[in-house]
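Taken from Swiss-Prot as is:
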BINDING   Asn164, Lys165, Ile166, Asp167, Gly218, Gln219, Ser220, Gly221, Val222, Gly223, Lys224, Ser225, Ser226  GTP binding site
BINDING   Cys302, Cys307, His309, Cys315  Zn(2+) binding site
COMPBIAS  1-21  compositional bias 'Basic residues'
DOMAIN    116-278  domain 'CP-type G'
REGION    1-38  region 'Disordered'
Amino acid sequence: MKKNKLSKNQHRRIQAHHQYRLHPTSLTDDKNNQLDDAQFGEPQQGVVISRFGQHADVEGHQGQQQRCHIRRNVLSLVTGDRVIWRPGIPRQENRNVKGIVEAVHERKSVLTRPDFYDGIKPMAANIDQIVIVSAVIPDLSLNMIDRYLVVSESLNIKPLLLLNKIDLLTPNERKKINLRLNIYRNIHYTVLEVSAQTGEGIADLQANLLDRVSIFSGQSGVGKSSLLNTLLPPTEQQILVEALSEKSALGQHTTTTSRLYHFQQGGDLIDSPGIREFGLWHLTQEQIIQGFIEFRDYVGHCKFRDCAHIDDPCCALRDAVQKGHIAKERFDNYHQILSEITLKGKKLFNQD
């Protein structure tokens, strides 16, 4: 069912009210809100740990967590959002108290994906790094890696490429895999090889997660849950296990709600179900081509301005591929992704 759109005046009123609530003095701005004040403590900074419909779990500056109501003027709230919230005050007759989210700070980044029903849907906010997890089982897919890289570049979020399950490789197989991954090393992406089973490479991974908010992406079966259990402290592991067991014991598509976890050595993780498969149909052709960073030196140098980089004469990109300056695998993946977004059509999504 199509949602009713807000008018420009409604948007302005909501935004003004929202900005007003970012200041603590605004929390008793009318008589109706005075009833709320008796139920809630002082306003404080917090971060959204998880979102559940009209409620959210929020963590305060001292590490305390509480499920919260969300003010109606808060139009968008996702895991990772920095908020102004007020904890609920416990009462003897009602121990199941909830706090309230009053306002959301401006996001420094937001990870989105296209959705047939809701247009462009936010999944997580304030991310510093997308960890692209691949494995030798199932087969290593460079096309999937390139899709995640396009998203990372379009959002200006640092990507980290991670190959898991390397303990399953023979020395010769590992050498062949490394030749494929050198495509990314050669264009200055960081590539790590790890094993959640043996612990190889985990220390390097922990160093790359330090003091950052990361989100793990990748197909089912690449071992993300095993990695997280290796990285997370026991208290967070238990939360993760409970979240997984609610859905399935099979280890496939088991995360149903985005959640923020804390690494013991420092840094945070957002685990999100929507990150597993990316649709890129909401991106423009320009965003797609800019997502292939090694193309940037050649874009605009073709003979014809409308060059499609397929069989056009004097194509700078094709010439770079032939000279070995651009990997053919990446060039082929670019055309495959571009064909996909052309087929699906940007018109399917409302970005207003």
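In case you wondered, yes, glycine gets a Cβ from its N, Cα and C as well.
Feature annotations (Swiss-Prot) mapped to structure.
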{"residue": "Asn164", "record": "GTP binding site", "DSSP class": "strand"}
{"residue": "Gly218", "record": "GTP binding site", "DSSP class": "coil"}
{"residue": "Lys224", "record": "GTP binding site", "DSSP class": "helix"}
{"residue": "Cys307", "record": "Zn(2+) binding site", "DSSP class": "coil"}
{"residue": "Cys315", "record": "Zn(2+) binding site", "DSSP class": "coil"}
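When the C-alpha distances from Lys224 (GTP binding site) to the binding-site residues Cys302, Cys307, His309, Cys315 are tabulated, the minimum falls on His309. Between the CA atoms of Ser226 (GTP binding site) and Cys302 (Zn(2+) binding site) there is a gap of 46 Å.
Counted within 10 Å of its Cβ, the other Cβ atoms near Ser226 (GTP binding site) come to 15, all protein chains included.
Note: the CA-CA distance between Asn164 (GTP binding site) and Cys302 (Zn(2+) binding site) rounds to 39 Å.
Taking the binding-site residues Lys224, His309 in turn and counting surrounding C-beta atoms within 10 angstroms, the largest count is reached at Lys224. The record assigns Asn164, Lys165, Ile166, Asp167, Gly218, Gln219, Ser220, Gly221, Val222, Gly223, Lys224, Ser225, Ser226 to the GTP binding site, and the maximum Cα to Cα distance across that set is 19 Å. If you take the Cα of Cys307 (Zn(2+) binding site) and the Cα of Gly218 (GTP binding site), they are about 33 angstrom apart, rounded to a whole number. Among the binding-site residues Asn164, Ser220, the residue whose Cβ has the fewest other Cβ atoms within 10 Å is Ser220. Excluding Cys302, Cys307, His309, Cys315, which define the Zn(2+) site, the same chain contributes Lys303, Phe304, Ala308, Ile310, Asp312, Cys314, Ala316, Leu317, Arg318 within 8 Å (Cβ to the Cβ centroid), listed in sequence order. Classification of Cys302 (Zn(2+) binding site) by DSSP places it in coil, neither helical nor stranded.
Note: the Cα of Cys302 (Zn(2+) binding site) and the Cα of Val222 (GTP binding site) are spaced 39 Å from each other.
Residue environment of Cys307 (Zn(2+) binding site) contains 18 other Cβ atoms, counted within 10 Å of its Cβ in all protein chains. In sequence order, Val133, Ser134, Ala135, Pro138, Asn164, Lys165 make up the list of same-chain residues 6 or more apart from Val222 (GTP binding site) whose Cβ falls under 8 Å from its Cβ.
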